[in-house]
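Visitor: Dumping what TrEMBL says about this protein:
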BINDING   B:THR159, B:LYS185, B:THR196, B:GLU283, B:ASN406, B:SER411  substrate binding site
ACT_SITE  B:THR196  active site, nucleophile
2 protein chains.
Amino acid sequence: MAKPLPVSPLASPLPALGVVAGVRLGAVAAGIRYQGRTDLVVAEFAEGTTVAGVFTQSKCPGAPVDWSRTALKGRSARALVVNAGNANVFTGRAGVETCRATAEAEARLASCAMHEVFLASTGVIGEVLPADRITKALPKLHGALSETGWEDAARGIMTTDTFPKAAVRMIEIDGVPVTIQGIAKGSGMIAPDMATMLGFIATDAALASAVLQTLLVKGVSGSFNAITVDSDTSTSDMVLLFATGAAGNRAIPDADDPALAAFREALNSLLLELALMVVRDGEGANKQIKIMVSGAVSDVSAREVAKAIANSPLVKTAVAGEDANWGRVVMAVGKSGEPADRDTLTVAIGGVTIARDGTVVEGYDETPVVAHMRGQEIEIAVDLGLSTGAATMWSCDLTHGYIDINGSYRS
Amino acid sequence: MAKPLPVSPLASPLPALGVVAGVRLGAVAAGIRYQGRTDLVVAEFAEGTTVAGVFTQSKCPGAPVDWSRTALKGRSARALVVNAGNANVFTGRAGVETCRATAEAEARLASCAMHEVFLASTGVIGEVLPADRITKALPKLHGALSETGWEDAARGIMTTDTFPKAAVRMIEIDGVPVTIQGIAKGSGMIAPDMATMLGFIATDAALASAVLQTLLVKGVSGSFNAITVDSDTSTSDMVLLFATGAAGNRAIPDADDPALAAFREALNSLLLELALMVVRDGEGANKQIKIMVSGAVSDVSAREVAKAIANSPLVKTAVAGEDANWGRVVMAVGKSGEPADRDTLTVAIGGVTIARDGTVVEGYDETPVVAHMRGQEIEIAVDLGLSTGAATMWSCDLTHGYIDINGSYRS
């Protein structure tokens with residue numbers, strides 16, 4: 001990239017990060033693509049660490065996605081290697097070989113099996129990722145890993161991100177203190193249906209991988225799978241959740257166990273916090289858009305309607321222009337293809353009902369809505385008036401910044 | 001709009017237009033929304049005129065769409081009334097009443113039944129369209145209708161269009177000379193699945209409405225339904241085809257009749273010419289993109305893949321930036337959800353094969369592709385290597401101009 005991007009006006013400050021017992025991590029400048037910044041991140045996990053993962057639904061996933069999807073079957077994780085700047089996608093046999101060589105080198109350093117090493121890459125597609133850049137940098141990085149390396153890791157996985165993303169929660173399981181901490185990256189090529197970016201979360205809780213997987217899948221449905229920046233689904237994205245067990249809580253066999261109530265809630269809110277950071281770093285974003293759809297024939301249908309609104313370039317440019325153009329919301333509902341009836345449709349922006357039963361409300365005063373549109377967090381609510389299906393999605397506006405960033409990304 | 005938009009760099013000059021025997025038309029400034037320009041168009045058709053139509057698939061269509069869809073059941077057309085600037089969508093009972101009042105006034109002037117009057121509106125959504133502006137302007141306009149009013153009509157239906165769109169074909173049916181002539185409008189809120197804009201085509205051929213309908217449906221599948229500007233489907237769009245019968249050719253009962261071969265071909269090419277004008281006037285467009293997908297498991301699947309590429313903001317911004325970023329094409333194939341195999345995928349841009357069998361071709365030289373990207377007509381070809389399904393779609397690039405136009409449309 002020619003020059004650094006200005007930091008998003010919606011950026012969140014990095015929270016005070018703690019440690020997660022059993023996790024050491026760090027970052028190094030391996031010169032993969034960027035100059036003068038870190039671009040290779042490693043995390044190593046204590047023996048006995050379990051893992052859960054969700055991956056992009058792309059039919060053309062990158063080699064690291066294939067690798068990690070396979071590794072996940074072993075249910076055990078000892079290391080994670082992430083590079084930024086090259087996605088290792090559509091690189092044929094060379095891409096597979098880079099994954100193998102990376103995992104082999106890291107397994108030797110971490111004294112673990114190759115299938116306990118997880119890999120993720122993000123960046124440009126179709127260029128060979130030279131394995132030796134990574135394997136040469138790994139030994140030095142291994143020597144510098146630290147329990148306090150979280151911020152370095154959050155910065156090292158960034159690509160077009162304009163701010164590092166991390167979140168932390170502390171709760172208890174059966175009276176035992178437990179930490180959940182995670183980092184994420186992502187700003188473009190974000191669309192629902194997993195995983196739409198990179199997220200790495202670790203906890204010191206002791207949780208079987210099957211329990212962990214259930215918790216993660218449920219958690220992403222209301223967070224990482226409920227955000228969209230530009231409707232484009234990446235070939236590379238994944239969210240991994242590691243549990244080291246260092247906290248020493250008793251084994252809990254069921255994800256629905258009441259003892260996990262606080263953990264579930266904390267995990268879900270952490271996932272949502274990270275996901276919203278991605279939206280708030282949406283390429284060129286000046287405003288966050290929350291879309292609430294109710295009254296649909298089902299939750300799935302509500303989600304499709306919300307997605308149609310969230311992805312509509314005309315809705316997103318209207319928000320960018322601070323124009324309360326609710327007609328475009330109606331258009332997006334109509335194009336979703338989901339059951340909808342013009343004559344039972346209600347549209348509200350910023351809590352103000354604008355249209356009801358197929359027409360604008362009598363005496364509609366645009367003033368409060370105009371004021372709402374000038375803010376940074378826009379709320380659009382649609383009630384279809386058909387049944388009880390509901391869904392919420394988050395998106396951002398579509399601005400000149402998006403064009404600037406994506407019209408010259410590779411150059 | 002505050003100031004007129006600059007004419008698209010891809011604009012086509014208006015062709016020399018002829019007359020279509022049995023059609024008289026014209027335009028007038030009715031002051032519906034715009035100042036100092038025509039915004040109301042009427043066409044009147046000779047007795048015995050048959051009609052075919054295709055309409056938006058939106059679940060929230062405008063009142064004029066409902067009206068014309070119903071009118072189509074009568075298979076007979078005597079008049080068409082089109083206004084620009086107000087779409088009469090989501091206007092409740094008032095919108096239905098405006099349609100009724102407009103049709104009633106026009107039916108009186110044209111001495112026909114109300115269900116022989118077709119209506120179309122385009123423009124802002126959710127504002128009441130005052131019937132009296134239209135009904136007051138109709139008598140004067142009726143008196144000024146002319147067989148040579150085609151150019152006026154093409155200009156009168158424009159909204160954010162930057163150039164008028166018309167096309168003409170002259171062929172023979174059984175040795176009888178026949179003319180097909182049409183106008184179109186559209187530049188944003190364009191996406192396939194009918195009708196994505198307004199198109200009005202007339203011919204003096206004598207054709208039963210059932211034959212006409214078959215010809216139109218087939219014709220739009222490779223033209224108006226194969227273009228996309230921004231993936232947003234309008235609530236208002238339609239394509240109508242009128243046949244006055246004035247040419248006096250013999251009745252032809254079957255759309256597949258060999259006697260109609262030249263007519264079919266001419267109609268299809270005219271529809272494609274008009275549809276491509278819409279793409280070439282895509283809001284902010286600097287480049288036309290042709291996407292050819294082959295090797296899919298079916299034509300339908302190929303179409304979905306082509307649509308995913310055509311609608312991808314990342315592909316469209318890459319084209320805007322003249323960046324031969326074929327990795328984003330791979331991404332779009334992957335996100336389409338259609339059967340695809342990375343390892344059998346071939347991607348070519350401007351006729352140059354860039355990637356084959358899951359990796360970049362050996363010794364790939366970007367030079368000719370970079371030169372192609374600098375042109376105005378970009379070609380992207382994808383072969384999935386699975387079977388024989390194929391489809392072609394057209395789109396345009398995504399530029400700052402799109403943001404400019406749509407971030408301030410209503411204001």
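Keep in mind that glycine also has a Cβ here, set from the backbone N, Cα and C atoms.
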Visitor: In three-state terms from DSSP, label B:LYS185 (substrate binding site) for me.
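Guide: Going by the DSSP assignment, B:LYS185 (substrate binding site) falls within a strand, counted as strand.
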Visitor: Tell me the Cβ neighbour count for B:THR159 (substrate binding site), meaning other Cβ atoms within 10 Å of its Cβ, over all protein chains shown.
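Guide: Result for B:THR159 (substrate binding site): 23 neighbouring Cβ atoms inside 10 Å.
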Visitor: Which binding-site residues among B:THR159, B:LYS185, B:GLU283, B:ASN406 have a Cβ sitting under 8 Å from any chain A Cβ?
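Guide: Qualifying residues, whose Cβ lies under 8 Å from chain A: B:ASN406.
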Visitor: Please report the three-state DSSP label of B:ASN406 (substrate binding site).
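Guide: DSSP assigns B:ASN406 (substrate binding site) to helix.
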Visitor: For a quick check of packing: other C-beta atoms within 10 Å of the C-beta of B:ASN406 (substrate binding site), how many?
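Guide: A count of 28.
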Visitor: Around the Cβ of B:LYS185 (substrate binding site), how many other Cβ atoms lie within 10 Å? Please give the count over every shown protein chain.
Guide: 28
Visitor: What's the number of neighbouring CB atoms sitting within 10 A of the CB on B:GLU283 (substrate binding site)?
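Guide: B:GLU283 (substrate binding site) is surrounded by 29 other Cβ atoms within 10 Å.
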